[in-house]
Amino acid sequence: YPIYNNTLMYIHKCVLVKFSHFIIPNGKRDLKPQDSRKSQLSSWSFQLAGILQDVSQEELYARVCRRVVLGALDGYNGTLMCFGQTGAGKTYTMTGSTESYKQRGIIPRALQEVFQEMAKRTDYAFSVHLSYLEIYNEILVDLLSSLQDLPQLSPRGMVVVEEPGRGVFIRGLSLHPVHSEEEALNLLFEGEMNRIIGSHALNRNSSRSHCIFTVHIESRSRTLSVAKYVTSKLNLVDLAGSERLGKTGSEGQMFKEAMYINKSLSFLEQAILALADRRRDHVPFRQSKLTHALKDSLGGNCNTVLVANIYGEAAQIEETLSTLRFASRMMCVRTNPAVNEHMDPAQIKKLQKDVHMLKEELSFYNTLVNRPRVMYEPLSEAQLAEIHSQVQRYLKGSLEEISIISIRQVQAVFAQFKLAVQSKRQGEGSPVSKKRLESASKSKLNFVQMPEREQESQEPDTESQDTQESQPPGNEPFNPEYVYCII
Ligand SMILES: Nc1ncnc2c1ncn2[C@@H]1O[C@H](COP(=O)(O)OP(=O)(O)OP(=O)(O)O)[C@@H](O)[C@H]1O
C-alpha cells in the first residue's frame, strides 16, 4: 500500500488490528522523512488484521465493529478503541462528523444497531443504560452528570473500583436508562456538549482527554422462566492523541496535558505488553486511571478491537510508526471471549417456591387418584438396581410388564433398554453391569435426545415392525433390534 504519498491528505484513517500482514512500502527512500536519521530503515512490516484505506464510515463499521456490537447483545463484553496521533481522525472515526448523516461514526451506528437488533429479538427483554466518562489529566469526569438530579460529585468523588461478580466500574459515574435510539443519541450529544463546555470553562483542550462511552446491556429470556440473565458492556473508547513532546514545543498547560497523555498511553502500552506475555501473571492495570478503568475491557473475556488511526504524510512517519508498533503489540494480546451469565437470587427463590408448590399439588393429586407411591426425588441405588432387574426379567420373558410409576422410572427403564441393545451389538451380551446401569441412568437425557439420524438408523423398517408385532410377547428370544419398536 502506498502509505507515504504526500498527495493524500488522509490515508485512510483506520488500520485495524488482528491477524494479517501490513507492509509499509519497500524501497521508498525518497519518502523517508528528513528527521528520522537514526533509523536506516525504509521499510517496516507489522502484523495487523487489515488496513482500511479511504473507506466510508459505513464500511468501517461493517468490517470492524458490527461483530463486536452484536456480540454485546449476546452477552460478550466488547471494546472498540481508537488510538493514534493528534488529528489522525480518532474522534471522526468514533463519533463522526456532524456535517452529514452519512459521516456519523462508530458510536451512533452502534446505538442504531443495538436498538434495531433488540427489536428483532422478541424472545428477550433487554435493558440498556449509558455512561460517558472522560479522563483528563488523571481526573475522572462524568460527562452526563448534568442530567441527574442528584448532587454533583466532585471529580475526587469518582473512583475506579472492582467488585466480584460486577467487575470493574466507576463508583459515582451516572448510569442512564435508555429505551430508544433517539434517547441514546440525545445522551451522546449531551455528553459531547458537556465535554466542550467543560473544556471552555476550565480552559483546556477537549481533545486532550480520553473518553469512554459505555453501553451497558442486560438481557433476560421472556420465554423461559430461568434465573439466568446475561449482561455485557460495550466500551467505545476515543483515546487522547499521542504526540511527541519535543515536536510541538508545547509548554505550560499544553505541556502538562501532553505529559499526562503520554504517561497514560505508555501505561496502556505496558499493560498490553504484560497481557500479551503469557509468562507474566501480573498486569499493571492500576498505574493509571485509564488502564484501571479498562481493566476488564482489554483482554480477558472481552472482544477487543483496536483501530489505529494514522496519517498518510511522510512528515508524520515517526508517529505513524509508533502507532503501528503499539497496534502490533495489541495483536499479541490473546482474549478469551465468554458470555457474562449471572443468576438472579430473587428468581432462584421464586423458582424454588414454585417447585415446592407444584410438588404439593402433585402429591395432593396423587392422593386423590390413589397413587401415593409416586416419588419425585432422584432414584436411589436400590431403586436403580430394582429397575435393572425388572428390565432383565422383562427381556427374558419372566416378567410380563413393567408398571409405570414415575417419569424418572420411565427414563431409567429406557436407559436400560439402550444399554441392553448396545451390549448386544458389541457382542458383550447381558447381564449389564451395575456400574453401567448407573451411568446409563445418568445419561438418560442423551438417550431421550438422540440425534435424528441415529434414531432413523435404529428404527426398523415397516416389514420388521410387522414381524415384531406379530410375535407373541413373552418367551420369544430377545432381539435387540426391536427394542426401539417397543419404545
Ligand atoms: N476520514 C476522514 N475524512 C474526512 N475528514 C476527516 C477524516 N478523519 C478526520 N477528519 C477530519 O480531520 C480533523 C481531525 O480529526 P479528529 O478530530 O477526528 O482527530 P483526532 O485524532 O481525534 O485528534 P485529537 O487527538 O486531537 O482529538 C477533523 O476536522 C475531522 O473532521
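Backbone N, Cα and C define each Cβ position, glycine as well.
Going by TrEMBL, these are the annotated features:
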BINDING   Gly84, Gln85, Thr86, Gly87, Ala88, Gly89, Lys90, Thr91  ATP binding site
COMPBIAS  457-466  compositional bias 'Acidic residues'
DOMAIN    1-333  domain 'Kinesin motor'
REGION    428-481  region 'Disordered'
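Features recorded in TrEMBL, as mapped to the structure shown.
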| residue | record | Cβ neighbours (10 Å) |
| --- | --- | --- |
| Gly84 | ATP binding site | 29 |
| Gln85 | ATP binding site | 22 |
| Thr86 | ATP binding site | 18 |
| Gly87 | ATP binding site | 16 |
| Ala88 | ATP binding site | 26 |
| Gly89 | ATP binding site | 21 |
| Lys90 | ATP binding site | 27 |
| Thr91 | ATP binding site | 19 |
For the ATP site built from Gly84, Gln85, Thr86, Gly87, Ala88, Gly89, Lys90, Thr91, further residues of that chain with CB within 8 A of the site's CB center: Cys82, Gly241, Asn309, Tyr311
Close-lying binding-site residues around ligand 1 among Gln85, Ala88, Lys90, where CB distance stays under 6 Å: Ala88, Lys90
Averaged pLDDT score, the domain 'Kinesin motor' (1-333): 79
